[in-house]
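Marked as compositional bias 'Low complexity' by TrEMBL: 1-16, 26-46, 53-83. Residues or ranges marked as region 'Disordered' by TrEMBL: 1-148. Positions annotated as domain 'TPL/SMU1 LisH-like dimerisation' by TrEMBL: 177-207. Taken from TrEMBL, the feature repeat 'WD' covers 321-355, 367-398, 579-611.
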Amino acid sequence: TLASASSSSDSDTGGASPPPRKKARASPAAAAEGAGEPGASAGRAGLTSSQSPSLPAGLVPAAAPLRGSSSSASSGGSAMQANGAGGGQQQQQQPPQGPELGCLGAQNGEASAGTAAGEQLAHANGLLPSANSGGGSPGGLSVNNGVPAAGGPGTAAAELGGGGGSALKKKKRLSQSDEDVIRLIGQHLHGLGLNQTVDLLMQESGCRLEHPSATKFRNHVMEGEWDKAENDLNELKALVHSPHAIVVRGTLELFQSSYLPPSVMLPPRRLQNLLRQAVELQRDRCLYHNTKLDSNLDSVSLLIDHVCSRKQFPCYTQQILTEHCNEVWFCKFSNDGTKLATGSKDTTVIIWQVDPDTHQLKLLKTLEGHAYGVSYIAWSPDDNYLVACGPDDCSELWLWNVQTGELRTKMSQSHEDSLTSVAWNPDGKRFVTGGQRGQFYQCDLDGNLLDSWEGVRVQCLWCLSDGKTVLASDTHQRIRGYNFEDLTDRNIVQEDHPIMSFTISKNGRLALLNVATQGVHLWDLQDRVLVRKYQGVTQGFYTIHSCFGGHNEDFIASGSEDHKVYIWHKRSELPIAELTGHTRTVNCVSWNPQIPSMMASASDDGTVRIWGPAPFVDNQDIEGECVRMPVF
């Protein structure tokens, strides 16, 4: 409990033993006389505490001490606070025999120079006492974080350094991390215009927000006084990492703290940047984070950790499309996310319209006449056209106008050809197609042959964004790059087992491969290294198409021969979700590129499933749900 300012004297308590040290209390006149002595750095500023024993130390009002400084001075002398030593009402103090220090600075327990008597606020450990109260002691009660002096009521107050040979208890110095935090807080408060609060914080903590020369330099730059700013550089040269860089880079670069160490001047908005980085890191580590959030800190709470619920992830069947009457081999959303095309063994392609509000799909068009069935579909970059290919023994390719539903081109180079894969050039005016019969072609929208590459048994094709390079997986368990302009080719990926299919990320950096008997592999095309092997999926020698998806393509999804859909976070080898519902092999999955919470899967069971977040359920009914929990 706090020592009361109205504590009884020894005689009042019935003969209690006197404290080990007792000083004669200075008279008000002596205190005033001492304040006016030559060489005295400051007068005493006595402050009494209104802090109750039950009030936490951190909740003492900051405004009251400012009023108390003048009232306590007029009361005729006060006991100074110092490192938690509190005195009783009857405590006495000898007049100092040397120059007095009327306030205790916040230099980690060391005395600092103050102003005139009664005008400087004394504080020692980051907490201000409140105005005179509780017993009306003329000298006031010295407090520090609400801790009374050792020995209980009636104990003598610790003396200030600077006279009489008295010893001042040193408080624990702030650690470097504590000082850094205080400076960061001070910079943020300064940016909010709370300059008096910053001054008080720096005074109590003993920290310095920035070097005075840096402050002058910044102010001169902000005011456009470039001559004075240049003169400030001379003072800063000794503090700069590389003094010669000042002349080379100029004042503006220096002002941005390119060369000044943070001990001299903090980088701009340092606290906000650290908080933003922390939020982004939590999002990156969240396995189910699948939305684009504003990077502005105002859009998030800093009081709780970021955790996304699995219920917000596309793990739940939203719709089952049953219009196909045979195995569904392929599915692909359009680039704008408004349509879904599905190809089936029943020789049809069905185009579905995505409702932008309900995210429900309805049948838009049925494209018929693919005699061998449809095993692969590719949307043109502008979504105006769609190319459909058949299985291994199919030598024909169909180019459809999506808007009209009319067949624009039916292409066949030879009855011995196998046109099982297709990829659009980024210009939307050309495409490449080929198969396992030993060649692939580049054609225009009318089916005219532009170029061909012989001797390549193609399993899957992809056009890179440079408009020149075509990637092709072949029967030699590799992916090679073919340049139609200079007629060169090079090896990019080499696997030990057949590559059944592959797809490329939007930025062209990563390749996702479905490898026979191995599963799903992630390759870095730039470094030409295998990045990760994803576990869980069952992959034999059937062609299964996986995909990137979700916000920023952070996720990977693949079908499987065990009738499931597997989803991984790109950085994790173990699946974060296994979706059940299909009753036969899942041949293909497609993630909506514009709606991160929507995914489609096509299966040999003849259905297409649309996956989305869970419908609304009461939280008590959600077993194992991840929720946002406050951190204490």
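Placement of Cβ uses the backbone N, Cα and C atoms for every residue, glycine included.
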The repeat 'WD' (321-355), counted residue by residue under DSSP: helix, strand, coil: 0 helix, 19 strand, 16 coil
Secondary structure tally of the repeat 'WD' (579-611) (DSSP, helix then strand then coil): 0 helix, 16 strand, 17 coil
Tally of residues which DSSP labels helix, strand or coil - the domain 'TPL/SMU1 LisH-like dimerisation' (177-207): 26 helix, 0 strand, 5 coil
For the repeat 'WD' (367-398), residues assigned helix / strand / coil by DSSP: 0 helix, 12 strand, 20 coil
